[in-house]
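Here the structure comes first, spelled out in structure tokens, and everything after it is commentary.
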């Protein structure tokens, strides 16, 4: 809806119940009106009368958009009801307990534990400006810490408030913040000691009152000291006005100090039996309040915490027991009873148990103490008298003694706490935390309240002066004309109390009078101040009280007890008895002040005397007769208060005012009356009044322009923002006194911002009306168009219906006409057909008679012709048969002769062809011969065709003649045959056929009957079978369906279980990986700390012993981290050992090293336990799936793993053979004939060596076979159990191998197999003493594996050859059979046809062969083209490398280059991919390649990962030389040098990224060339030849992997430090979409502007930084998977930091800000798409932020909205959802706030969700990193070393 409320029509009126009520002005006010017509919020109308004297109008109410602001000074109308309403809305609706009021932090006690004090919140506030985050005690602490470091000035945090308002908790959280943020400068953990002092002071100084369960009954000022690096070095505590009377008296529902109840709750402990304690109800001093137990508090557990804190602060067990003895003695002293003898004397019963226990505990004489408890000593000038005292006086003296002992003990404990917190290091600065009582007023106010209110008067004066000073500085800074602001000065009230003849002075004077009483002191007060001081009054009905007008309220004090409490009298005789105690600790409490405070009196230089302790214990000592005890309590308190004020004035103060919302301790319940009382008392309203008197609202020009741009016209907008704002304000606000223009800000008087907001809202409302008008018109037009289209459609359908009805009528009319037509036609046609049928019958009868006569005549003629035809035909056929038989016989004889000749030729040809095929003569000769033969046959064929054509011509002529003769003969023959007895035969045939016909008809009838009967039976049987078949099908289908469903359910269940187990295992693996990487991180941190300490020790040693220098050895530190094989460890360098031993001589290094080593061992054991558990689960799962396949595949598993090593040896053997063949070839081809001749000396030597090597190899093979058989038999005999275990392990490993798809996994499994087999190997070494048999067995085992692999390869090759031969034989057989079939077919053909068929067959065969040859030729052409392309690519790469190398070559070298072009290919061919260096050049290699290498030059000019390749090639050469010491030394130096570089330049992203990339590449090279099959599957044959041959560097791979993890974590920290300052500004504060969100009015603490000024970060800054990170990583050749993990971590940091700040900033939780965030996230997603990183998982890390932005934009009203929110925000926790809804703040009036009921609905719906209660995301969380194996396709032999690296001392091998 459009906002219809006008701001100025809402007012506040006083109310007796709610203090202030809101009302709406129904009638405008006119000057002179005596009443106002108002309407309350509940709808009731009210006529409000104005005060006729003051005629003050009601306070105006702020617009709703300003309600709930973080800073009360941001309110346009500053007055009491506005402050109260703002606090109530924040506390009740938004659940926010902190609010700023200018420089004051108002903290309201929620009486509920809130999750806003965790370490994540501390990290969020650390480093932030005070106005940038929501109000918090941590923000005040951060501001103090920052100002201390920036301004080099001490700071103070003054925490005040009523009892139960939360002062102690606020001070505690402030100290916790300092301890967490700063840390300590030493190993003593000072911050822990500072925090540990809290439970001690709470136990001895806090008690339960009616207002608070943990009320501090003393004031304390804690100075936390910092060094020059602003780390905590110590602390000092000052205490004020301990409430000693609570020791001996407690009011109803109150308790004594906590320590007494903690002692009683722990009375059953063995060490406390000597104290003879019991329940708290059994002691007079602990049972008076009647409430010994606090709900929810376990006193016994609190006692344990107190003792633990004492131990941490260095208070030994003996001193602790001494403290408890004194406290127990006080309890027993309270139970001492007196018996009156008369009115002036009393006595203690004999053998009084409480007194005897007290004396035993205190170590004093019973009789002496009993005597002086009932007597006192009076001293005069001449004599001393001992006078008995009455029972009342004795009781008062007992209580005074108990109070005095407790006060002394309290001071002693404070002194020892200070001693523990004291530091010998010079203090540079400090931050003081003052936890002091607030202004108090009760029904009965006594001396304690007087002192408390006196202290608050002093603090309020200091507070007012500070606020006034800040206001003055602000005006002068902005060059605003300064007008004196009238503020309340409470100096008259302070003078009334502390000046000469003031209240305290008169009280001290009356205490000195011998007979001074409270009444006489009251009379002196009346005489001195009544009617003379306006602030002093006398109650009407009392002569023993007085009233003081304090700054907060009037307070009436009762004079009774003032003198006694001010004197604090204790009998000297009782003190002397305690001083003579045998208990050593007790006399210490009563020593002189200097001795008593000696442990803490020493203060570091540079500190003021204000932080010294002498004033602390003096509070409890007045009353003694010594000189020190002549000072009264009031005098001491005044002096200590003056010292405190001097300290505070010398520091920069920060104020925290704690408010108690209600007296019943109900959570989040707000009592307006109590809140107003405290606001008036704590000075918050005075701050408001001072601010409101001037210009309370302040805007920067940019903020004003951004907010009120809508009120400006385009012509008003100038280039200068300041001039624009001036021009607009002159038009908007006519009264120039209502605002002032400063240098950077505009100052407004109260109410002007509300007026501007009204104008802005009116403008926006008018714009909204126009938008609504346009949209509604558009919607109505769309509706009209839809209605019009609907009407047209309805008309169309109606008209169509009518047309169809008319067409139906026409169809029916036409149908009736047609029916009539056809009926009439039918009648006429039927008559016509009857007449026609009669006519046809007559014609048929006549025509039949004529036709039968003609038929009989023609029949007779036809029969005569037939007889003639048969006779003539028989004669002709007889003649023809005789001639034909003769001709055929002649032809057969001739053809048989010719066939025999042809058969003979074909046999000869067949034999020649088969021989030709067997001899495998070349196909080219055969093709040529066949081609020639085909040509000859073609020529013959042409000749034959010509002859054949001529013969065909003659044959056709003769054929025509013979055909004509034959036809003539056939006609005559037919006539003759027809003429012979055809008639008789036909008649007989006719008779026979008639008989057959009759018989057939009878048989047909019987058959038909049987067929019908069979058909019926068959149909019935079929129907029955069909029914049975249907039933069976149904049963089958149902069974199949049931089986399928059951199988499906089982499959789904198994899949679900498998998926769940897999997910659980993945989670466990990730957790274990994260834990391991965190341990590595912690280890690296401790290692760096250890190195720093070692350097400091070395520096100290250097300073103490000039001339002595100790070289740092990184080698020894690395060897302390990792342990390698025993052989390597034995060959350690002697200098490194000596250096390590010299380092161990330092006690601090060794102890710290042992601690670290012990910790690492424990963590490794925990890791091993977790790993064993994970392995056990995997084994169980694998065994359950492969039970039946276990036994048959055991041997296969062994062969699988042993083949890995065999293949390595086989490749080595092949390489040697190839080298031998090349050597022979080179000797035979390139050498001179006389050298390579068989009789030459070189040839003989070579052949002799070859023969000897071959013989030795054969001998070794035989020995291998013999020893292998012997060792296997011995092993089986000695260790049957070990073999069984090995078989089981092999079975398990076989199951693992079957499931492994990656070669990397197989290689890792192979390493694991070696590790698991080591125990059995160790047992086998015990076969003999020196272990030689085991070494022989290991060597021969490898040889055996080599022989087995060779045998297997030969067997496989033999089988392949045999299979090929079988296929060839089968094809030849098929070809032979086919040739025979063709031959047999050709023999049956005539000669011409045979020739043609053979030619056709030969042509077909040749064509097929030609096609096969063409296919082979095409394949070869494709291969050639492919190889040519590869050759071009390689040539291009070589050219680029040569160009890169040419850049580093001098001109002289370029001139000489044409001389040696022929030798370059030969060198490249011979290069083996190794680099040779000398042992003494190792340090130079490491220095040039690692320590002094510049990553930027390498990344731009050279191939990625070049240092890693060079190092690996050096390792290869050392491995080739079998120099284990060289390998170990090089790898160790490499690792240590990388660590040194990262330690030196660890904050440079390029350096860290460069070495992370090279470390990973080095690790991949060690894997790729390790010789393990799992890592070799992507290698080329040449790369497999470069594998390591002598050493297994698997352990060093683990070391490099750990190093890579540490570098990755360091990389994450570096990019986090770079991104951290950009995230909040770029993602939240900067307006990427300009004009969407306006800046709301802010208070005194300005937030960072959301407008992009110069130097502020924007979203583009973040994207540019991300591009920079990505380009650097790509230039360095980092693995793509690793880049994805880095990007995912970066996006997680961005999302977590943004969301955390969103949850802590109320001004960011609005609809417009949600749209800004979603736009920014879309830009980040677009960046991911541009970089092809959408599958990296980075987008998923932003899901919580996306959902939070959506939560800000969705509707938040109905239950459906709540359900949608619950389903949408699955990545947010319940606490985060509720926090966002509570913080949601409308920026404009058109937005609506979230109701409390809706938030409760969300909480009810989410109550079953199980998620973390933590509010903020862990921005420091680092995802576990993995390094997937990424082999390189770069050949090592092609790598060139540029001269720029300065590695000329290494050579290529």
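Backbone N, Cα and C atoms are what each Cβ position is placed from, and that goes for glycine too.
As the structure is a computational prediction, the values presented were derived from the model and not from experiment.
The annotation ATP binding site is assigned in TrEMBL to 161, 162, 163, 164, 165, 166, 167, 168.
Feature annotation from TrEMBL assigns coiled coil to 913-1103 (among others).
Residues annotated as coiled coil in TrEMBL: 1153-1229 (among others).
According to TrEMBL, the feature coiled coil maps to 1337-1437 (among others).
Annotated compositional bias 'Polar residues' per TrEMBL: 598-608 (among others), in sequence order.
The compositional bias 'Polar residues' feature in TrEMBL is assigned to 1114-1128 (among others).
Taken from TrEMBL, the feature domain 'Myosin N-terminal SH3-like' applies to 6-58.
Residues or ranges marked as domain 'Myosin motor' in TrEMBL: 67-761.
In the predicted model, residues of the domain 'Dilute' (1532-1808) average a pLDDT of 86. Among the features that TrEMBL reports, domain 'Dilute' is placed at 1532-1808.
The feature region 'Disordered' is assigned by TrEMBL to 594-631 (among others).
Residues annotated as region 'Actin-binding' in TrEMBL: 641-663.
As annotated by TrEMBL, region 'Disordered' applies to 1104-1142 (among others).
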Binding-site residues compared (161, 164, 166) - the one with the fewest other Cβ atoms within 10 Å: 164
Fewest other C-beta atoms within 10 angstroms, as judged across 163, 168, which are the binding-site residues: 163
Helix, strand and coil totals (DSSP H, G, I; E, B; other) for the region 'Actin-binding' (641-663): 9 helix, 8 strand, 6 coil
Residues close to ATP site centre defined by 161, 162, 163, 164, 165, 166, 167, 168, Cβ within 8 Å: 109, 212, 215, 216, 438, 658, 660
Within the domain 'Myosin N-terminal SH3-like' (6-58), residues counted as helix, strand or coil by DSSP: 3 helix, 24 strand, 26 coil
CB contacts for residue 162 (ATP binding site) [other CB atoms within 10 A, all chains]: 25
Surrounding CB atoms that lie within 10 Å of the CB of residue 167 (ATP binding site), all protein chains: 27
Cβ contacts of residue 165 (ATP binding site) (under 8 Å, same chain, 6 or more positions away): 107, 109, 438, 658, 659, 660, 678
